[in-house]
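Each remark here refers to the structure printed beneath this line.
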2 protein chains.
Amino acid sequence: MKRLKVSIIGSGSWGCAISKIVGKNVLKRNTFDKRVSMWVYEEIIEGRNLSEIINSTHENVKYLKGHKLPETVVATPDLVEAITDVDILIFVLPHQFLKRCLDTLEGKIKSTAVAISLIKGFQTSVDGDIELISKYITSRLKIQCSVLMGANIANEVANEVFCEGTIGCATKEMKQTFKELFETNYFRVAVVDDTQTVEACGALKNIVACAAGFSDGLLYGNCTKTAIIRIGLMEIKMFINTFLSGSEISTFFESCGISDLFASCYGGRNRKCSALFVEKGKSIYDLEKEILNGQRLQGPSTAEAVNIMLMKKGLEKKFPLFTAVHRIFNFEISPRKLLDHI
Amino acid sequence: MKRLKVSIIGSGSWGCAISKIVGKNVLKRNTFDKRVSMWVYEEIIEGRNLSEIINSTHENVKYLKGHKLPETVVATPDLVEAITDVDILIFVLPHQFLKRCLDTLEGKIKSTAVAISLIKGFQTSVDGDIELISKYITSRLKIQCSVLMGANIANEVANEVFCEGTIGCATKEMKQTFKELFETNYFRVAVVDDTQTVEACGALKNIVACAAGFSDGLLYGNCTKTAIIRIGLMEIKMFINTFLSGSEISTFFESCGISDLFASCYGGRNRKCSALFVEKGKSIYDLEKEILNGQRLQGPSTAEAVNIMLMKKGLEKKFPLFTAVHRIFNFEISPRKLLDHI
């Protein structure tokens with residue numbers, strides 16, 4: 001049997017953290033080719049190309065300093081070279097670069113290849129509707145796309161501390177292969193069929209994390225906060241049942257569900273910035289500039305995109321928490337009124 | 001129709017907090033008699049009987065200072081007087097006083113009465129097995145017993161901040177009545193049939209809160225911690241399916257499930273003392289003396305009782321987290337080995 005070639009599209013902190021796992025796992029089984037290509041968006045670091053630094057020092061000095069990547073992982077700035085003859089494409093690049101990346105890849109992918117997306121968030125379609133990133137990849141490349149989500153942060157995974165992930169597997173025959181590719185003793189992976197729920201949870205939880213942040217900013221207690229989070233989870237479930245293909249309730253018990261949700265509601269920057277939004281009374285745009293160096297928070301933009309979909313269908317009242325979060329960021333209602341609205 | 005007489009058995013902080021709700025709700029509907037008796041374990045406070053203080057000042061100065069109880073709530077130190085001709089008995093006294101209370105009540109309860117227990121924790125039967133408190137009340141008084149659980153702390157409910165509760169209703173015809181008795185605009189109550197799951201979650205979550213406390217004491221990140229909590233939730237579910245009547249998965253999405261679990265794993269004294277257990281290396285018995293003024297923590301004792309049941313059935317390995325928590329408190333394994341065991 002021909003060994004499966006794997007490529008990692010992206011080399012940020014999460015891409016490099018996952019390359020530590022993938023680069024070692026390909027050596028453990030005969031299933032995989034022992035060379036993993038990694039596409040690097042080329043940057044010049046102290047006069048040298050980042051891809052060359054990675055290939056000589058096996059360290060991404062810019063995005064995951066202090067961690068050795070396995071020597072099986074070979075960086076290249078040439079996207080087409082990275083994916084040539086590849087069987088498994090791991091998409092792990094920032095969401096805003098995806099479209100351009102797919103423009104380049106379209107028509108150049110092996111027809112039997114499969115993809116797996118580690119990108120959290122939604123794509124917005126031309127008519128303003130939310131689209132799952134896995135669907136978008138499938139529509140552009142004409143290959144099936146699974147997802148890997150869960151409560152896992154690049155640094156924790158890179159440090160090899162115990163955590164979990166959930167694969168929503170779109171290709172039945174790949175279940176075992178994906179598990180072999182991503183699981184280690186410190187990163188435990190469950191594989192489920194319910195791909196859309198796995199992926200949607202990873203995006204929608206950010207709205208709930210903002211509500212949890214408001215709760216913290218308002219100094220509400222833990223019982224109020226968990227009530228808000230629970231109501232948020234019910235809206236996540238209802239959203240998936242209304243706008244996507246429906247959900248298996250058991251999927252919410254996986255890492256992609258309650259773990260990722262609560263981790264984001266007790267840690268994470270959506271929570272933090274939303275608490276500051278309440279405390280400081282500044283716009284979220286100003287807070288993004290001040291605290292995140294201009295990087296965008298996912299919660300407010302997801303709440304906005306979701307709100308557009310809810311408005312179109314006249315469903316705002318059925319999703320009071322999602323709606324309130326959006327309206328609070330827009331200064332239409334005061335955070336103090338959050339509880340009146342849910 | 002005759003109005004239903006309500007009695008609150010217990011007047012600690014949770015009993016008084018709930019009496020604020022119940023005492024007002026009986027005025028809103030013709031369903032209820034407008035006098036609610038509250039049994040008070042008599043104590044002398046600055047030379048006066050606590051029951052007399054409550055009846056004259058409408059404040060429990062010892063257990064819920066600063067909160068006015070409704071005038072409909074009438075305290076009595078006479079347990080039999082408190083329950084005479086009563087239709088709804090609300091049990092909300094410390095777990096260790098229950099047996100003696102039931103000794104007094106046995107044979108004196110109206111045969112058509114129903115009970116609802118707000119007591120969290122398990123009863124241990126003569127042969128060392130865990131028994132649900134609602135079952136124990138039913139077996140002693142020969143009346144049906146529902147439960148009210150959830151992420152709610154006496155002080156938060158007394159302060160009338162928003163939180164939620166879950167009623168596991170053992171008496172079908174009482175669903176609406178219980179909702180009318182306990183729900184307010186700030187305390188939102190869901191009623192489900194799955195009584196045993198509602199009650200068992202309230203006890204078993206304390207074991208998981210200890211594991212979460214170890215995680216905090218060991219300075220693990222949020223992703224590791226939520227993975228531990230998620231694994232704990234799966235053991236709660238498996239325990240209920242193995243030792244009790246089985247569970248509806250939807251019950252775990254109520255306040256009694258994930259909300260109470262995560263609130264206890266991020267706040268609460270089981271978490272706190274377990275973190276200190278790791279940091280200070282002292283026995284949990286010493287920490288209870290130091291921090292809780294000798295009061296017992298529920299987590300370690302529940303873990304012990306559960307362990308006895310698991311050992312009897314040879315199921316310790318199927319419940320690695322529950323087992324590890326018990327063995328860690330017993331100094332049989334180091335907290336640092338927690339992750340190796342789950």
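Just so you know, glycine gets a Cβ as well, placed from its N, Cα and C.
Just so you know, TrEMBL annotations never went through curation; they're auto-generated.
Site annotation for NAD(+) in TrEMBL covers B:Gly10, B:Ser11, B:Gly12, B:Ser13, B:Trp14, B:Gly15, B:Phe97, B:Arg269, B:Gln298, and the matching candidate from B:Ala154, B:Ala211, B:Ala212 is B:Ala154. Summarising model confidence by region, the domain 'Glycerol-3-phosphate dehydrogenase NAD-dependent C-terminal' (B:194-339) averages a pLDDT of 94. B:Lys120 (substrate binding site) falls within neither a helix nor a strand when secondary structure is assigned with DSSP, and so counts as coil. B:Gly12 (NAD(+) binding site) has a Cβ environment of 18 other Cβ atoms inside 10 Å. Between the binding-site residues B:Trp14, B:Phe97, B:Trp14 has the most other Cβ atoms inside 10 Å of its own Cβ, all protein chains included. Minimal Cβ crowding within 10 Å, among the recorded positions B:Lys205, B:Arg269, is found at B:Arg269. Cα of B:Asn270 (substrate binding site) to Cα of B:Lys205 (active site, proton acceptor): a span of 10 Å.
Residues B:Lys120, B:Arg269, B:Asn270, recorded as contacting substrate, have a largest CA-CA distance of 14 Å.
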